[in-house]
Each structure stands twice: as C-alpha cells, then as structure tokens.
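Student: Features from TrEMBL:
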type	residues	note
DOMAIN	42-293	domain 'G-protein coupled receptors family 1 profile'
TRANSMEM	27-49	transmembrane segment
TRANSMEM	61-87	transmembrane segment
TRANSMEM	93-121	transmembrane segment
TRANSMEM	133-158	transmembrane segment
TRANSMEM	197-222	transmembrane segment
TRANSMEM	243-266	transmembrane segment
TRANSMEM	272-295	transmembrane segment
Amino acid sequence: MPFSNSSDPSPSFLLASLPGLEAAQGWMAIPLCCAYVLALAGNCAVLLVVRAEPGLHAPMYFFLCMLAAIDLALATATVPRVLSFYWLGSREIGFGACLLQMFLIHTLSAIESTVLLAMALDRYVAICHPLRHAAVLTNAATAKIGLLAVARGVLFFLPLPLLLLPLPFCGSRALSHSFCLHQDVMNLACANTTPSVVYGLTAILLVMGLDAVLICLSYLLILKAVLRLPAWRERLKVFSTCIAHVCVVLAFYVPLIGLSVVHRFGKDLAPLVHIIMGNIYILVPAVLNPIIYGVRTKQIRRRILSLIHVSDR
C-alpha cells in the first residue's frame with residue numbers, strides 16, 4: 001500500500017539486507033563490527049595523543065583531531081544501527097530517523113571535505129610560504145576554520161531532508177543500503193523530485209566538487225614549488241610531509257566517487273555491490289585515517305606504542 005509522511009503517522013523504510021545471505025547476516029556483521037571497533041580505537045587514540053602531547057598542538061594536528069571527531073560521529077551515526085539490524089533483525093527505520101541519519105551522513109561528509117581542504121591549505125602555506133605559516137594559520141584561525149566547516153556543511157545539506165519531508169512515498173520501501181542516503185530515499189518518492197535532484201547535485205558540486213578542485217590546485221602549486229628545489233633528496237624530503245594528507249584525501253574521495261558512480265550507472269549491478277560500496281564509504285576513511293597518521297607521525301606512533309606497553313625500537 002502507498003504510504004505518505006503526511007497521512008501515515010509513522011512511515012518507515014526497510015534497510016537493505018544482504019541478498020541471498022540473510023541467514024548468515026549475524027556472521028557477516030562480525031567484520032563490520034571489528035572495523036567499527038578499530039575505527040573507534042584509532043580515532044580516540046589520535047584525539048588522546050594530540051591532547052597529551054604539547055608538541056602536537058599545531059594547526060596540522062588540530063585538523064587531524066577534527067577528522068578523527070568527524071569519523072567517530074559518522075561511523076557512530078550509521079554502524080550501530082546496521083549492526084542492530086544484522087544481529088537483532090530490526091530492519092525497519094522510521095521516516096524521521098532516516099532523514100536525521102541522512103542529514104548527518106551528508107553534513108559530516110561535507111565537513112570532512114572542508115577540513116581536508118584546510119589541511120591542503122596548511123601544507124601549501126608551510127611549503128610555499130614557510131615564513132608566513134605561523135602568522136596565517138594560528139590556533140585562532142584553525143578554530144574559525146573548524147566552525148566555518150561545520151556551518152558550511154549544515155547550511156548546504158540541511159535543505160536535503162527538508163525537501164524530502166513533504167513528499168509522498170509509495171510502492172517499495174526497501175533502500176539500497178543499510179543506512180539512509182539522499183538519492184536512495186529520494187528514488188522511493190512517488191512525486192516530482194526535480195527540486196531535490198537539482199539541489200542535491202548543486203550542493204555536492206559546490207562542496208565536495210569545489211573542495212576536490214581546490215585541493216588539486218594546491219598540490220599543483222606545491223609540486224611547482226618542490227620542483228624548484230635544487231636537489232632530489234631535498235625535494236623528496238619536503239614532499240614527504242604531504243604523503244599522509246594525500247593518502248587521507250584518497251581514502252575519502254575514492255569511496256565517495258565510487259559510491260556516486262554506483263548510484264548513477266550501477267542500476268543493473270547486484271544489490272550486494274551497493275551495500276558493500278556504502279559500507280566502504282562510511283568505514284574506510286574512519287579506519288585508515290588514524291593508521292595513516294599513526295604510521296607517518298613519530299610522536300603519535302611512539303605515544304600509542306607506549307600506551308600498549310610496547311617500546312618503539
């Protein structure tokens with residue numbers, strides 16, 4: 001039967017189950033749970049280490065703390081609900097809860113994209129204008145950038161659930177993922193979704209798309225400055241300070257692009273592909289970011305090793 005949020009007091013959607021593997025979902029959820037625990041442990045460790053180490057109280061590491069907090073929030077907004085479905089069988093999610101989860105996912109992703117752009121700016125100023133770095137990226141400026149990132153994400157993506165709120169939904173209530181995404185929910189509406197489509201695409205292009213272009217531009221300028229250095233050893237030493245950030249950028253944008261391609265061109269793909277790509281998009285950055293910076297940053301690595309009573313040899 002058709003259902004509408006205007007007439008039904010409790011409309012709901014059905015989270016995507018693993019096709020053909022419903023009986024084994026409890027076991028399939030174990031790797032997902034392990035990845036979530038790893039993400040929690042890694043990002044919490046980064047936050048604690050940066051707080052405890054005065055030598056890490058610098059813009060680059062404050063931005064890293066912002067990434068860790070965002071990844072914690074994004075994973076917590078999705079994974080526990082997925083695990084409750086896989087282990088407890090609670091597949092149904094209410095309309096309001098779905099819109100809230102959708103808003104959090106897109107807003108937190110936009111905030112993370114902005115922080116990655118700010119980190120690229122930090123690397124650009126540090127390499128191309130080192131004498132101005134301390135004056136440009138002060139602790140106060142870093143805090144303002146963080147607040148701007150939050151405001152930008154909220155302002156751009158708050159209209160997404162508001163545009164879906166008055167729409168009627170009918171027919172299938174089954175989502176393509178184990179959590180709520182804008183395009184997935186929008187496709188279930190039985191009304192004109194053109195305003196939602198246009199605004200969603202515009203928001204993505206003006207936030208993630210613009211950020212990606214500016215990050216690429218900053219690294220072109222960094223590469224230009226590095227190539228001016230006389231010795232190859234010096235070039236490698238300078239550019240090595242950017243390797244961790246480049247890896248984090250790839251860990252964020254590659255799953256994002258992959259998920260977008262699957263939504264746009266993967267209608268004939270197996271449903272399992274959509275579910276796997278969605279989980280990768282949520283968990284890969286949260287798991288990899290602390291590992292990447294833990295490996296590349298000696299202070300973080302030593303502190304974490306000392307916490308688990310292992311000496312750094």
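Using N, Cα and C of the backbone, Cβ positions are placed for all residues, glycine too.
Relative to the rest of the structure, where do these features sit?
Tutor: Over the domain 'G-protein coupled receptors family 1 profile' (42-293) the predicted model carries a mean pLDDT of 90.
Sequence-distant contacts of the transmembrane segment (27-49) (same chain, at least 6 residues past either end, Cβ-Cβ under 8 Å): 18, 21, 56, 64-65, 68-69, 71-72, 75-76, 79-80, 82-83, 86-87, 279, 283, 286-287, 289-291, 293-294, 299-300, 303-304, 307.
Non-local neighbours of the transmembrane segment (61-87) in the same chain are 15, 17, 25-26, 28-29, 32-33, 36, 39-40, 43-44, 46-47, 50-51, 93, 101, 104-105, 108-109, 111-112, 115-116, 118-119, 122, 139, 142-143, 145-146, 149, 178-179, 248, 279, 282-283, 285-286, 289-290, 293; each lies 6+ residues outside the stretch with a CB under 8 Å from one of its CB atoms.
Long-range neighbours of the transmembrane segment (93-121) within the same chain, counting only residues 6 or more positions beyond its ends whose Cβ lies under 8 Å from a Cβ of the stretch, are 5, 10-15, 60, 63-64, 66-67, 70-71, 73-74, 77-78, 81, 137, 142, 145-146, 148-150, 152-154, 156-158, 160-161, 164-165, 179-182, 185, 203, 207-208, 211-212, 214-215, 218-219, 245, 248-249, 252, 256, 282, 285.
Only residues 6 or more beyond the boundaries of the transmembrane segment (133-158), in the same chain, are considered here, and those with a CB under 8 A from a CB of the stretch are 57, 59, 62-63, 66, 103, 106-111, 114-115, 118, 121-122, 125-126, 203, 206-207.
Outside the transmembrane segment (197-222), and at least 6 residues removed from its termini, the chain residues within Cβ reach (under 8 Å) are 106, 109-110, 113-114, 116-117, 120-121, 123-124, 127-128, 152-153, 156-157, 159-160, 163, 182-183, 186, 239, 242, 246, 249, 253, 256, 260.
Same-chain neighbours of the transmembrane segment (243-266): 67, 109, 112-113, 116, 119-120, 123, 181, 183-184, 204, 208, 212, 215, 219, 273-274, 277-278, 280-281, 284-285, 288-289, 292-293, 295-297, counting only residues six or more beyond its ends whose CB sits under 8 Å from a CB of the stretch.
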